[in-house]
Amino acid sequence: MRLRGRGPRAAPSSSSGAGDARRLAPPGRNPFVHELRLSALQKAQVAFMTLTLFPIRLLFAAFMMLLAWPFALVASLGPPDKEPEQPLALWRKVVDFLLKAIMRTMWFAGGFHRVAVKGRQALPTEAAILTLAPHSSYFDAIPVTMTMSSIVMKAESRDIPIWGTLIRYIRPVFVSRSDQDSRRKTVEEIKRRAQSNGKWPQIMIFPEGTCTNRTCLITFKPGAFIPGVPVQPVVLRYPNKLDTITWTWQGPGALKILWLTLCQFQNQVEIEFLPVYCPSEEEKRNPALYASNVRRVMAKALGVSVTDYTFEDCQLALAEGQLRLPADTCLLEFARLVRGLGLKPENLEKDLDKYSESARMKRGEKIRLPEFAAYLEVPVSDALEDMFSLFDESGGGEIDLREYVVALSVVCRPSQTLATIQLAFKMYGSPEDGSIDEADLSCILKTALGISELTVTDLFQAIDQEERGRITFDDFCGFAEMYPDFAEDYLYPDQTHSDSCAQTPPAPTPNGFCIDFSPEHSDFGRKNSCKKVD
């Protein structure tokens, strides 16, 4: 399985004239991975700063947060859902000014000596919602503290000592993960505030919903666009020579990012307020279109591509299982195309056995694009051709249907490695005893990992203790139970990456979530929100 190069296809623009003129090809880099490499000189600088300026900066930043706490406490007293008085009382204006000054001093102490601001922030009556992108770090809180705008936060955040008080001051929209109706209530609250004619503070939302490495803009969630009111796009840049800012799912952990950032002589950040985007009538009726068109405007300002990767792809990339997906896996692209065809992985899981039986009956017989379309019960389209090309390694216009089923199984249940392998054995196994040879195992694992080349000889020989030249699922399962880290020992050291990211190393241990300012969130990975193994 490989990601064959295909140029960007033309996509129809919306009738409003604001749609994407072209759907750009997927980025070469996985947007959920960040690799940080320090030169010898940079390592020496970090060592020097760790012993000198780092502890001073850390203590001073903590002191400034403590200094801000009593002001925020007094100003946040009272019912949180009560409409702010208009105009603001003089004492609240003073508190607001003091808190902004304290927060700016805190960032200055952390090395953010100059925060470049371009454009003009719109008034609340002009744009009640500010959409910020790309979302790449907890340092994205800088524009929040500079404007004291409201944000969307998890309800649990208000119980954090000191930080919770500071959060309550900006009157955030709290999302409760224990309330099944939370998403609807959140959107309704955003809509209520957005339509208050400037009575509430502006709401800052990161529509990507998770952190990326800023190489592209992933799919925007529609929560900020459902109210159908004008929004002001805001783009963030960190033009530093060494990127110690980015905090993604795979890469340096939160504490390491903080340490390395505070060990830089100075850190730069640029905040650009773009012109207010007023939705057309069509966009008001279609929040997804509205979100897509705003993303296009922001991507153009940033000079980056857009991709249809989503927050759910992040879950796929970081799913815990015995087969860890490499950073350059093609399965993210496969998952994107599955959704592009209108197929939902969560609904397809129950049909995997039916798909696998149909593929097994083919016994490796190759099929062409029209047959593939009939198998999926979808018309031939650009998205289907792109998906077909993922499995057409030779470029001969034919694919093995079994590979599609294996890839689909990984996307539908990314954490259930053995279930996918068992399904593959049923399709590839001999009719007599269900055994497979080394070539079959290589094909199964390459597809399950979404890569084009993989050496499985050592793994196959380790499983095939009797040297029969064939193994069964029971053999594989028994070996996996005895050596749960078999992939680390037998696959990844010799893994050759696909053409799409030839120089990308194996992905390190995943991080947890960045602070999510988007109204739509997931429970995935919360148990690992602070876990990091270096």
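Quick reminder: no glycine exception, Cβ is built from N, Cα and C everywhere.
Feature list (source: Swiss-Prot):
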{"type": "TOPO_DOM", "residues": "1-57", "note": "topological domain 'Cytoplasmic'"}
{"type": "REGION", "residues": "1-25", "note": "region 'Disordered'"}
{"type": "COMPBIAS", "residues": "8-19", "note": "compositional bias 'Low complexity'"}
{"type": "MOTIF", "residues": "135-140", "note": "motif 'HXXXXD motif'"}
{"type": "DOMAIN", "residues": "451-486", "note": "domain 'EF-hand 2'"}
{"type": "MOTIF", "residues": "531-534", "note": "motif 'Di-lysine motif'"}
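Averaged across the motif 'Di-lysine motif' (531-534), pLDDT for the predicted model comes to 32.
Residues 206, 208-214, 236, 238, 245-248, 254, 257, 261, 269, 514-515, 517 of the same chain, all 6+ positions outside the motif 'HXXXXD motif' (135-140), place their C-beta atoms under 8 angstroms from a C-beta of that stretch. Taken residue by residue, the domain 'EF-hand 2' (451-486) breaks down under DSSP into 18 helix, 2 strand, 16 coil.
Within the motif 'HXXXXD motif' (135-140), the DSSP-based counts of helix, strand and coil residues read 3 helix, 0 strand, 3 coil.
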